[in-house]
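K.L.:
One structure follows; several queries about it will come next.
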Amino acid sequence: MILDPQRVQDITRNKTALIKTLAQLFLSELPDMIDSIELSLRQGDKKALSNAVHRLKSALGNFASSSYYQEVGALETRALELDATQWQTDWLTAKDKLDTLIIELKQMAGL
């Protein structure tokens, strides 16, 4: 599981309406976050890539398991260091998990 349901419940004090609102906000911003990451990658702008991943990581802090949060954090750091091919491979793995998080979050929020 990529979602940390206990964290979501703790942050929202298990208020269903707040869970739904936070989920909707995250899901509405997510496409732009992904686009920013992928544009920076295509342009080869490592600093912009690191910043774009940082934005995603910050948003994930409300929802993601500790291990997934750390995985995205490592992507942020490595954006400045790795060659684009290796980084993109790691990003695709993280993005697949992000798709799982979306499903889990929608289920939890009743969306």
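Numbers run from 1 along the shown chain.
Placement of Cβ uses the backbone N, Cα and C atoms for every residue, glycine included.
If you look up TrEMBL, you'll see 15-111 marked as domain 'HPt'. TrEMBL lists H54 with the feature phosphohistidine.
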K.L.:
Counting each residue once, how many in the domain 'HPt' (15-111) are helix, strand and coil under DSSP?
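P.N.:
Helix, strand and coil residues of the domain 'HPt' (15-111) number 82 helix, 1 strand, 14 coil.
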K.L.:
What mean pLDDT score does the domain 'HPt' (15-111) have in the model?
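P.N.:
The average pLDDT of the model in the domain 'HPt' (15-111) works out to 95.
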